[in-house]
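Residues or ranges marked as Zn(2+) binding site by TrEMBL: C95, C98, C134, C137.
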Amino acid sequence: MQQQVGEIVQTLKARGLRVTPQRFSVYANLLSRTDHPTAEQILSDLNQDFPVSSQATIYSSLQALREVGLVREVLLDEGVSRYDANVAPHHHFRCDGCGAIEDIPWNTFQGLDLGQLRLGLQATTYEVAVQGLCDLCHPRD
Ligand SMILES: [Zn+2]
Ligand SMILES: [Zn+2]
């Protein structure tokens, strides 16, 4: 963990962010999980060890981390912002049963042809959102 602390501090500094305990703990929390939490979930997680953070500090830390490209916002449920420290290109699977969101590796969908878009549209990027049921939610046979 000690080395990881150093690495996280270096990463924040390399992006020109002043390292505050809030930014550090929000980023460390996001790096440690893959479930795309909401700000509220991050807050309740952090407050278990350290009941000092408020929702406002979580939001401002997330905002600062997003601005420098260390964290991305994931919008798969209407009106719900979730956060992801995996900023490499990838897709998402969302379970309609339990709401779980997991990453789908970028190379899962090969050969999607953006050249099929109508004339006049220039694509810069895309992302696939798959909905369905996860292992825990689909009926087993
Ligand atoms: Zn599920
Ligand atoms: Zn993701």
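Quick reminder: no glycine exception, Cβ is built from N, Cα and C everywhere.
Please treat TrEMBL annotations as automatic predictions, because they have not gone through curation.
DSSP gives C95 (Zn(2+) binding site) a strand state.
Ranking the binding-site residues C98, C134 by the number of CB atoms within 10 A of their own CB puts C134 at the top. DSSP gives C134 (Zn(2+) binding site) a coil state; it is part of no helix or strand.
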